[in-house]
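Visitor: Right, I'll just put the structure down here and ask away after.
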Amino acid sequence: MENGRLNFSKTILLASLIFGIFFGAGNLIFPIHLGQLAGSHWLWAAVGFILTGTLVPYLAILAVSVTKSDDLYELASPVSRGFALFIVIAFHLVIGPLFATPRLPAVAFESGIAPLLPAAWHGGGMLIYSVIFFGLAYLLTVQETDITAWIGKYLNPLFLIGLFLLFIVAFIWPMGDLHPVATAAYQKGALSAGFMEGYNTMDGIGLLTVGVTIVYAVRGLGVSEQQTSKEIARAGALSVLVEAIIYLILILMGVMSLGKVAGSDNGGVALAQIIQYYAGELGLILTAILITLTVFTTAMGIFQAFAQDMEAVFPQYSYRFWLRVITIGSLVVANLGLTKIIAWSVPVMMLLYPYTLALIGLSLTKRYFNGSSLVYRWTMALVTIPAVGDLFANLPLLDQQTGLQAVVTTYHQVIPFSTNGFGWVLPGLLGFALGYGHYRLRLQHEV
């Protein structure tokens, strides 16, 4: 520690912690699947994906540190207490026991273990695997101070070594070239399609949710409150750079894989196909180990943030009680199957992402309007329109609901850019402008 700053080794440790919380199952499988979908249009698709996959989460970490918020509730409270409570519960359910956390072992099992087992054993095998996975995550997260050492020193290096070896093999002996035919969506708009694909990682929502864990880790290293944001910015930038490089390589691997295999239904299957091509059945075992290492670090970060934030909102229940809630809830949902988890997570994610982006933007700019609740409320009120519209537009059973189809059609006709997933942009900017104008008028009247 020099002049209140972290030395190089501790900066690397913090960057490793951020990376470990950042990089989960979706971060490994979605870029590969994107490469298969984008084909020869991979470059612009990669730009879009990397923007949502790295820049948005990085800004989310900064938003938490800059506002000096102790938890997600405090970050969202300028809108209202009710809204803050909604955000805390919704974000933690999505990132916690409902979708993202159950998806972690489900991806690892279905990508690497299930193909080695008879179909009749899949249910029992997943149950045993998920019990071990979540049981270990619970035990290692009970002591809050252990997370930095475990994630930064032990798990991440193992994961990176395995991933690095895979990259070397894939580029020395490529499966194909970089010019396969792109799917229709990527032929029409690779940048926007890649941007939207990045939503599937849920990292923007996730980093707002677990950002407090990173803040606590920095302060635990002896950094002052005033210096915390700068240290997070430095370490976060390093973590983002590494992740962007990994994303690009994974996307290229997905593109080249089409030289030997057909496009897969999801990235988990694609990853298993790539590794199996190079290593046979042993590759399936390597897939399971690689993904397990990746997602286990993420699970630990989510467990800790979930328990910390929920204890802050509902102090009558202890930290360990909330750890048990996310452990048991995630275990139950994980055993419903990966397909169901992904299908129902998309519309909920599309509902919450506009709020996520607006909250990040407001948090980073609040000093320009003194954190006025007027700006927060106007912005969130108008963002609600596209948020609900995107929820309806992405429901799995939409084609069976004539009434909802009419609502979605009207939404796409009225809100600009909504067909491309950017319906939140203009309402959000308009809400911010109206809120800022209202804030300035009130200042003049007070004078």
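Positions of Cβ are set from backbone N, Cα and C atoms, glycine also.
When I checked TrEMBL for this same protein, it listed these features:
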TRANSMEM  12-30  transmembrane segment
TRANSMEM  42-67  transmembrane segment
TRANSMEM  79-100  transmembrane segment
TRANSMEM  120-142  transmembrane segment
TRANSMEM  154-173  transmembrane segment
TRANSMEM  205-223  transmembrane segment
TRANSMEM  235-262  transmembrane segment
TRANSMEM  282-307  transmembrane segment
TRANSMEM  319-338  transmembrane segment
TRANSMEM  344-362  transmembrane segment
TRANSMEM  374-393  transmembrane segment
TRANSMEM  421-439  transmembrane segment
Visitor: Under 8 angstroms, Cβ to Cβ: which one of 12-30, 79-100, 120-142, 154-173, 205-223 has the largest number of such pairs with the transmembrane segment (235-262)?
Guide: 12-30
Visitor: For the transmembrane segment (282-307), which recorded stretch in the set 42-67, 79-100, 154-173, 374-393 gives the largest number of Cβ pairs separated by under 8 Å?
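Guide: Per the Cβ count, the answer is 154-173.
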Visitor: Any chance the transmembrane segment (344-362) and the transmembrane segment (374-393) have 3 or more Cβ pairs under 8 A, given the pairs are 6 or more apart in sequence?
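Guide: Yes; at least 3 Cβ pairs under 8 Å.
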Visitor: Between the transmembrane segment (319-338) and the transmembrane segment (79-100), are there at least three Cβ pairs closer than 8 Å, leaving out pairs fewer than 6 positions apart?
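Guide: Checked: the transmembrane segment (319-338) vs the transmembrane segment (79-100), in contact.
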Visitor: At a C-beta cut-off of under 8 Å, are there same-chain residues at least 6 beyond the transmembrane segment (120-142) that contact it? List them, or none.
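Guide: Contacts with the transmembrane segment (120-142): 104-106, 108-109, 113-114, 150, 292, 296, 299-300, 303-304, 307, 320, 323-324, 327, 330-331, 334-335.
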Visitor: For the transmembrane segment (154-173), name the stretch out of 12-30, 79-100, 205-223, 374-393 with the most CB-CB pairs under 8 Å.
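Guide: Ranked by Cβ pairs under 8 Å, first place goes to 12-30.
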Visitor: Cβ under 8 Å, sequence separation of at least 6 from the ends of the transmembrane segment (205-223): give me the contacting residues as numbers and ranges.
Guide: 1, 4-6, 10, 13-14, 17-18, 21-22, 24, 57-58, 60-61, 63-65, 69-72, 75, 91-92, 94-95, 100, 144-145, 147-148, 231-232, 301-302, 304-306, 308-309, 349, 352-353, 356, 359-360
Visitor: Excluding the flanking five residues on each side, which residues at least 6 beyond the ends of the transmembrane segment (421-439) place their CB within less than 8 Å of a CB in that stretch?
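Guide: Apart from its flanks, the transmembrane segment (421-439) reaches 192, 195-196, 199, 350, 353-354, 357-358, 361-362, 369-370, 372, 374-383, 385-387, 389-390, 411, 415.
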